[in-house]
Amino acid sequence: MSQNRRLFTSESVTEGHPDKICDQISDSILDEILKKDPNARVACETSVTTGLVLVSGEITTSTYVDIPKTVRDTIKEIGYTRAKYGFDAETCAVLTSIDEQSADIAQGVDKALEAREGTMTEEELDAIGAGDQGLMFGFANNETEELMPLPISLAHKLSLRLTEVRKDQTLAYLRPDGKTQVTVEYDDQNKPVRIDTVVISTQHAPEVTLEQIQSDLKEHVISPVVPSELIDEQTKYFINPTGRFVIGGPQGDAGLTGRKIIVDTYGGYARHGGGAFSGKDATKVDRSAAYAARYVAKNIVAAGLADSCEVQLAYAIGVAQPVSISIDTFGTGKASEEKLIEVVRANFDLRPAGIIKMLDLRRPIYKQTAAYGHFGRHDLDLPWEKTDKADTLRQEALGQ
């Protein structure tokens with residue numbers, strides 16, 4: 001590797017990873033509630049370990065959801081359907097401990113500070129306040145068609161492919177738990193030029209040999225996903241490098257909702273505000289504002305206003321307007337960052353109520369995001385992935 005080149009690595013996990021099981025359970029419960037009560041307040045946390053699922057949190061809703069059934073259906077769909085996998089949807093215990101949202105938090109969310117103090121316009125009076133303080137980041141760059149960094153894009157595609165060949169029985173000996181990792185080499189212009197390393201660890205049946213797993217994964221998982229022009233004779237492969245991965249899922253490691261926030265976002269390529277997504281309704285800005293920030297960043301890059309763009313939003317609990325908006329184009333901007341913030345403020349309503357309306361977030365669309373990333377998903381129709389504002393932004397920022 002020449003002196004001016006650098007390596008960057010991102011990882012992904014499959015839907016059978018213990019932490020991802022929890023994310024999917026939390027978002028399945030959220031979706032079931034939103035189907036019947038779009039205005040519900042949900043903060044649902046899940047923990048899994050050998051033979052046990054614990055669902056806890058704060059839920060305020062007018063509807064009833066059969067939580068144990070939702071939990072079991074989700075685990076079954078992931079593929080933990082036999083006791084020999086160490087976790088079984090039919091026989092695992094499901095415990096629930098659910099409270100209502102705190103009245104102190106609710107008063108700030110139900111009516112924003114601006115409404116309580118009379119500083120909002122009539123049009124704004126119904127706006128909700130942010131459900132918490134915090135900072136959220138959104139990012140986009142032009143490394144891939146979906147405007148995501150290449151390392152996380154490839155890591156997710158490998159994880160998704162790993163699940164596909166398990167579920168369609170191409171590799172019937174695979175089991176649900178798995179992880180992927182991709183290291184990309186960048187040149188001195190910060191352009192990806194080759195794949196340096198691919199790591200895949202997958203749970204498997206005990207009778208299969210390591211040699212067969214390595215051969216099959218190269219043929220059926222890596223080859224269909226990783227662009228051949230980025231692979232050379234120096235590319236390294238580590239496939240099940242421990243030699244054996246039979247004990248996996250919640251039997252191998254306990255899992256928790258919100259433990260895979262870098263996998264969920266940009267693979268470490270952009271900054272992260274620290275808040276997790278799954279199990280939270282859209283009044284929680286941890287989720288909705290991170291989606292809005294991605295929407296803004298993606299439209300800026302799609303408009304040709306920058307090759308790379310990171311957007312930061314920040315909120316105070318119970319206050320509707322963001323306390324700050326920051327944009328960094330890393331020296332690639334075609335307009336000043338001040339100008340970009342100006343056109344963003346003019347074209348995106350970044351109050352919580354505005355985000356919910358702009359992205360139509362009171363729908364049951366969340367479970368599908370709970371594995372393989374919330375961003376850059378061409379296989380899903382996600383509102384924050386649209387580039388419908390790109391033309392307007394270009395016109396207003398550059399006058400063309």
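Each residue's number is its place along the chain shown, starting with 1.
Placed from the backbone N, Cα and C atoms, the Cβ positions cover glycine too.
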The annotated region 'Flexible loop' range in Swiss-Prot, which must be one of 101-111, 156-166, 244-254, 321-331: 101-111
Winner by Cβ contact number (other Cβ atoms within 10 Å) across the binding-site residues GLU45, GLU58, ASP253: GLU45
LYS284 (L-methionine binding site) and HIS17 (ATP binding site), distance between Cα atoms, whole Å: 25
Inter-residue Cα distance where the pair is ASP19 (Mg(2+) binding site) and GLU58 (L-methionine binding site), in Å: 20
Closest of ASP19, GLY178, ARG244, ASP253, LYS260 to LYS284 (L-methionine binding site), Cα positions, binding-site residues only: LYS260
C-alpha spacing of GLU45 (K(+) binding site) relative to ARG244 (ATP binding site), in angstrom: 31
Whole-number Å value for how far LYS280 (ATP binding site) lies from GLU45 (K(+) binding site) (Cα to Cα): 9
Cα-to-Cα gap, LYS260 (ATP binding site) vs ASP19 (Mg(2+) binding site), nearest whole Å: 7
